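According to TrEMBL, the protein has these features:
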- 43-175: domain 'Nose resistant-to-fluoxetine protein N-terminal' (DOMAIN)
- 1-19: signal peptide (SIGNAL)
- 186-211: transmembrane segment (TRANSMEM)
- 248-275: transmembrane segment (TRANSMEM)
- 295-319: transmembrane segment (TRANSMEM)
- 339-358: transmembrane segment (TRANSMEM)
- 403-423: transmembrane segment (TRANSMEM)
- 430-449: transmembrane segment (TRANSMEM)
- 484-501: transmembrane segment (TRANSMEM)
- 513-535: transmembrane segment (TRANSMEM)
- 555-575: transmembrane segment (TRANSMEM)
- 587-607: transmembrane segment (TRANSMEM)
- 627-646: transmembrane segment (TRANSMEM)
Amino acid sequence: MKIFNFIVYLIALLCVVECTQKFTEDELIIFRIFDAVNEFDLSSKCKSDLNETFNGYQNHKAWAIAMYDSSVKSPVGIEYGAEFQLGNFDQCMNISTNFDRDGVNIEPKYCLLDVKIDDYNVRSAAYRNREIKNSTLIHWAICVPSSCSNHDVIHFMKFITGRDEVTVDPKKCQVRETLRVSWIDILFGFILLSFLSIVVFCTICHFVKIYTAKNGQLRKSAGCEEIIKSFSIIENIKKLGKESNDEYGLSCVNGIKAVGMFCIIAGHALVFLLGGPMQNTDFYEKQSKLLQNAFILNSPLLVDSFLLLSGFLFTRLVLIEMDKRRGKINFLLIYIFRYIRLTPAYIMMIGLYSTWFIKIGDGPLWKQRISLEQERCMSSWWKNILYINNYYGNDALCLFQSWYLAADTQLFLLAPLLIYPLWRNRKLGLYLTGIVALISIVIPFYVTYTNNLDPTFMIFQEEISDLSANDYFINTYGKTHMRAISYIFGILAGYIGYYVYKNNVKIPKRVRNFMWIFSFSVGFISMYYVTLFYIPTYHSTNLERALYNCLHRLGWAIFTGWLVLGCVTSKGNALKSFFNASFLVPLSRLTYCAYLTNGFIELYLAASVRTPKYMSIPSLTGETLSHVSLTFLAALILCLMFESPIHGIEKILLRRHVPRENKTCESNDLSDCAISTSSGHTISTSEASA
């Protein structure tokens, strides 16, 4: 028994010695680093503060321990693809020595350095050309005294890591700063508060009017009262949920818009999640090879659905109005009122990016990402509001999704060149539309083939961390000539819908069945064929990539075009019933604002991340749903504050020039912009953006 007790005691003693020895070895590493501080090529103040930090650590000062603890001592999970070693940002930035009894006053500085490890290839990283990469870039966080310059931090890091290739972007180093407000910030804040005050005041006035109305009935509004109602949250929420009079069978477009926007936002969320810090990049590598995930990988194709919808609705309603007005439509007023309709909310988002966005958050990646967005918007805001930013100045793209607004506007301006001939001379119009459609197919083929480009926008982690810096995204993806086929097919679908409605044509059941099968087949191939290009062992030819680039948008346009026509022209089926669901109506009216605010939500969440995310199907599903919910919440605020009030004022101005017998606007409340004819009548058309 005594022998047994002795053995147990000996084992316990060895464990204590081993643990103590290991702890001492950890401390020895720190001692060696700080003992060598005086040998570094550092500024005198930095050396002094580092020595103070070392002394504080020895004396178990909380602030010194926190500074050491906030830094990454040794990166973990590199082999698994965890290239972002973010440490503890908040602990570092909240370090305070104000109450140190020794009178030490050291402010913290958080830096995220780029450390290149040569002759090491991360086996699980999701790179396009993983096999030819011979090094790995680690983003390594360190917390040091703020007196240390970036030059000091680099030299300090070189000693710690033993690596010579260490760099740091000035925007990746952050210190505590007091809030600095410029005159532009003040101006934008004043405008924002002015709108908020007007909305609150008008809402209160409207509420009082409703509450004090005799017998619960409101008399017809006068001009001033109409303006108040335009800004009233009560009135605008009521408008969001109000179902449209479906005179032309277009109500199912509401559902298509809402579902399409949901999918687009989900696609944006996944792109930003996959382009940010990840623990397990092998998850993406494995999932990208699976056929069922092509809908996610090829989600940018969904944007073409909105181009088609825009062309469809504009054509359909303009043709109907041209019949009523004998072709006399004032397209100049159409353009003016569209601009008035879309631009104010757009300007507010640009203003937010340019001013207060960078001041409302923080994080390891915040300053680098948001300051870049601010600089882009400050330099190219005027290109955005002229809707030319997808061609001119796209190297500094403000709002990554704004290319769509430019492309859609440019196609909107040119659309009457096809719509008027279709109304005037059907054969000539169809012939001209066919030629333009053929050209819009050939151009993407030529551009892709001659420049040896990707078949479409490919999603790889190292290339999507900043979409506005992605070469394919800024130079190919958002160009109008690369996207025109969807809008042109929308014009064609709009004409077919108009012809069927005007002539009361009944599409035979066998034709409908064939079109459903055919359109679904080409749509499926267009969406899912992209999986081949993500398989590392599959070597595509330049011809194959060029053919896919020009044909997959055509195939998707056929699918979307028939989806719209099939719903609009059918008397009733399960699909039409779903798209006509009342709960989709308010979501469809928020699609434009949702598209504007989604970039803000994605950037905020991506830039404020604290730790690399572990990717899995359930976690991505939850993240995506939260991004969609936050986007529509932000869209509701933007809509109630700016879009709906401006729309209401626009209608008041239009009525000054519109005869009272016109009812087209009311019967087609799908619109995002008003259209005025030469004789003063108005119609509506969807300019929902995607």
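Note: Cβ is positioned from N, Cα and C throughout, glycine not excepted.
Curation does not apply to TrEMBL; its annotations are automatic.
Looking at which of 295-319, 339-358, 430-449, 484-501, 555-575 has the most CB pairs under 8 Å to the transmembrane segment (248-275), the answer is the stretch 295-319. Sequence-remote contacts of a segment are chain residues at least 6 beyond its ends whose Cβ falls under 8 Å from one of its Cβ atoms, and for the transmembrane segment (186-211) they are 218, 225, 227-235, 348, 351-352, 354-356, 640-642, 645. Counting Cβ pairs under 8 Å to the transmembrane segment (339-358), the stretch among 295-319, 430-449, 484-501, 555-575, 587-607 with the most such contacts is 587-607. Taken through DSSP, the domain 'Nose resistant-to-fluoxetine protein N-terminal' (43-175) splits into 47 helix, 29 strand, 57 coil. Only sequence-distant pairs (6 or more apart) were considered; of these, fewer than three Cβ pairs between the transmembrane segment (484-501) and the transmembrane segment (587-607) are under 8 A, so the stretches are not in contact.
The list of residues near the transmembrane segment (587-607) in space but at least 6 beyond its ends in sequence, with Cβ under 8 angstroms from a Cβ of it, reads 239-240, 253-255, 257-258, 260-262, 264-265, 268-269, 272-273, 275-276, 342, 345-346, 349, 352-353, 357, 360-361, 363, 365-366, 368-370, 373, 399-401, 404, 627, 630-632, 634-636, 638-639, 643, 670, 672, 687-690.
Within its own chain, the transmembrane segment (430-449) is flanked in space by residues 418, 421-422, 455, 476, 481-482, 484-485, 488-489, 491-492, 495, 542-543, 545-547, 549-551, 553-554, which lie at least six positions past its ends and keep a Cβ under 8 Å from the stretch. By the Cβ criterion (distance under 8 Å, sequence gap of 6 or more), the transmembrane segment (555-575) is not counted as touching the transmembrane segment (403-423), fewer than 3 such pairs being found. Predicted-model confidence for the domain 'Nose resistant-to-fluoxetine protein N-terminal' (43-175) is 81, expressed as mean pLDDT.
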